[in-house]
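Database features, via Swiss-Prot:
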- 1-41: transit peptide (TRANSIT)
- 2-17: motif 'SIFI-degron' (MOTIF)
- K87: N6-acetyllysine (MOD_RES)
- K113: N6-acetyllysine (MOD_RES)
- T141: phosphothreonine (MOD_RES)
Amino acid sequence: MLGAALRRCAVAATTWAGPRGLLHSARTPGPAAAIQSVRCYSHGSQETDEEFDARWVTYFNKPDIDAWELRKGINTLVTYDMVPEPKIIDAALRACRRLNDFASTVRILEAVKDKAGPHKEIYPYVIQELRPTLNELGISTPEELGLDKV
């Protein structure tokens with residue numbers, strides 16, 4: 001994993017944009033490649049999956065969360081290279097309901113489907129786990145709304 005990060009950094013440090021915007025490799029990687037590779041990783045402690053889930057559930061369960069914080073949290077969560085756990089999505093959907101933001105609930109479910117990508121079994125599993133919450137809050141899935149046909 002560290003080797004891959006170092007390779008990515010070394011490649012990034014040895015390429016530049018040409019006149020047509022294409023990337024060209026430099027002939028010799030200078031000292032910048034070595035400096036750049038050191039900056040591509042952190043020596044900080046790693047967050048466990050349980051701590052990650054708890055942090056996001058706590059974030060979305062804040063009683064005073066506003067619409068901007070909700071969207072910021074959703075956008076940040078979507079940028080991670082993973083599908084959020086159903087308990088995180090549950091907390092986000094409940095925050096949307098507290099704010100009466102139905103559009104965000106649909107966006108969250110669409111983002112989960114998109115993040116699942118080619119793994120067709122993930123999205124139905126998440127919907128199955130969230131079904132009691134969806135029924136309780138009166139939230140329809142994008143498929144129930146016909147948005148998957150557009």
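Glycine is treated like the rest: Cβ placed from N, Cα and C.
Shown here: features listed in Swiss-Prot, placed on the structure.
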| residue | record | Cβ contacts under 8 Å, 6 or more apart |
| --- | --- | --- |
| K87 | N6-acetyllysine | D53, V57 |
| K113 | N6-acetyllysine | Y123, P142 |
| T141 | phosphothreonine | L109, I127, L134 |
Under a three-state reduction of DSSP output, how is K113 (N6-acetyllysine) classified: helix, strand, or coil? helix
Assigned element (helix, strand, coil) containing K87 (N6-acetyllysine), judged by DSSP: helix
